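Only one structure is covered here, and it is reproduced in the block below.
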Amino acid sequence: MRQLASILLLAFVVGSVSAFYSPSDGVVELTPSNFDREVLKDDAIWVVEFYAPWCGHCQSLVPEYKKLAKALKGVVKVGSVNADADSTLSGQFGVRGFPTIKIFGANKKSPTDYNGQRTAKAIAEAALAEVKKKVQGVLGGGGGSSSGGSGSSSGDDVIELTEDNFDKLVLNSDDIWLVEFFAPWCGHCKNLAPEWAKAAKELKGKVKLGALDATAHQSKAAEYNVRGYPTIKFFPAGSKRASDAQEYDGGRTASDIVSWASDKHVANVPAPELIEIINESTFETACEGKPLCVVSVLPHILDCDAKCRNKFLDTLRTLGEKFKQKQWGWAWAEGGQQLALEESLEVGGFGYPAMAVVNFKKMKFSVLKGSFSKDGINEFLRDISYGRGHTAPVRGAKKPAIVSVDPWDGKDGQLPTEEDIDLSDIDLDKDEL
């Protein structure tokens, strides 16, 4: 009976996993068996999401992705890959985390990583930019993204802004923008042009760079109080007004512009997902490719009930939000489930909860010695971010083996049921050793 229940439960889980998108959503299910035929050998441009069913951010993306497929129907094809079911494609295209969105444009062998806002509108804009690029390539034209006399343009990387399209492209978009107001005769503008173009190329998919000829569009320049050239304004992510524009105060080399804009982009990224380590895949998703990985080991559910555990998890999420600019990975496991991990990081032996911060590239880690509280962890992570604190080599100098376990169901633990013993077969009158 228990075996039958397990089979039914497995069938339910598998059914739930495959229910992310249905044929009626317009999202094509892609697998290793049909990917080449559907995507690589097709002339159409594709937007492809690589996801894992257990990933919270993937689940949050579902309604926007369905909306995207509906909006792009007949223009751009939209597909999805369940990377948890088969890692072949995610490995082939270097997918390190979920969800990962790639746009397969004219050069199918070199898809573009999409790193912008996870909204249907923002993703659609990126996809349509690929359509425009492909059309211009076929026609042999450079397109209309030139920034005039400033020479700031390089293909589609620097976007030409005018009085007619400024509000629509900049203010009404969710993207981060840097806008250069220039004059064609300005020497400093001409010097900035190649640096601006180079920065735009490096920041593609993260921050949009535009250029507006202030001599041709004087009313727009006046609206933003432009008094000299070049003037660079920063427009934050999300819905914005003209009053939200800020002065750019960085340097004028490509590296300066990229560094300044990247800091703004990182500040706008969502908080990292706190991932439960239930198998090798979840462990890699949480920690692979991250500068550091914050690994917490929480008490067994019988020692710390659902309310207790959720309190710990809320603390970790709060701190993940605070340190999100570091782009660290965040993971947790129940004490005793991943013994090899605990042994390699020397945690758990002195009790739970415990924490270690790991640099898997250097195979070094540091253990939280203070209180597992918001203040205690904050102080520990602050020291780590400043390069302070004691570090030790990961035992064995290799990543620990991760075993597959069931994910926590969010409920209190249940003590194992004791089986009733039939005393009728036991002769209580005999003394036996």
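Heads up, the Cβ atoms here are built off N, Cα and C, so glycines get one too.
Here Swiss-Prot flags 417-433 as compositional bias 'Acidic residues'.
Look at Cys55 (disulfide bond): DSSP puts it in coil. In sequence order, Phe98, Pro99, Glu273, Thr285 are the residues of the chain that are 6 or more apart from Cys55 (disulfide bond) and have a CB within less than 8 Å of its CB. Residues or ranges marked as disulfide bond in Swiss-Prot (evidence: sequence analysis): Cys55-Cys58 (among others).
DSSP assigns Cys186 (disulfide bond) to coil in the three-state reduction, outside any helix or strand. What Swiss-Prot lists as disulfide bond is Cys186-Cys189 (among others), and the listing cites sequence analysis.
Residues annotated as domain 'Thioredoxin 2' in Swiss-Prot: 120-267.
In this structure, Asn279 (N-linked glycosylation site) belongs to neither helix nor strand by DSSP; it is coil. Using a 10 Å Cβ-Cβ cutoff, Asn279 (N-linked glycosylation site) registers 16 neighbours. Per Swiss-Prot, the feature N-linked glycosylation site maps to Asn279; the stated evidence is sequence analysis.
The region 'Disordered' annotation in Swiss-Prot covers 405-433.
The motif 'Prevents secretion from ER' annotation in Swiss-Prot covers 430-433, and the record cites sequence analysis as its basis.
The signal peptide annotation in Swiss-Prot covers 1-19 and is backed by sequence analysis.
For Cys189 (disulfide bond), the count of additional Cβ atoms within 10 Å of its Cβ stands at 25 [all protein chains shown]. Candidate disulfide-bonded residues: Cys58, Cys186. Fewest other C-beta atoms within 10 angstroms, Cys186. Residue counts for the domain 'Thioredoxin 2' (120-267) under DSSP, helix first, then strand, then coil, are 68 helix, 25 strand, 55 coil. Ranked by CA distance from Cys58 (disulfide bond), the recorded positions Cys186, Cys189, Asn279 have Asn279 at the top as the closest.
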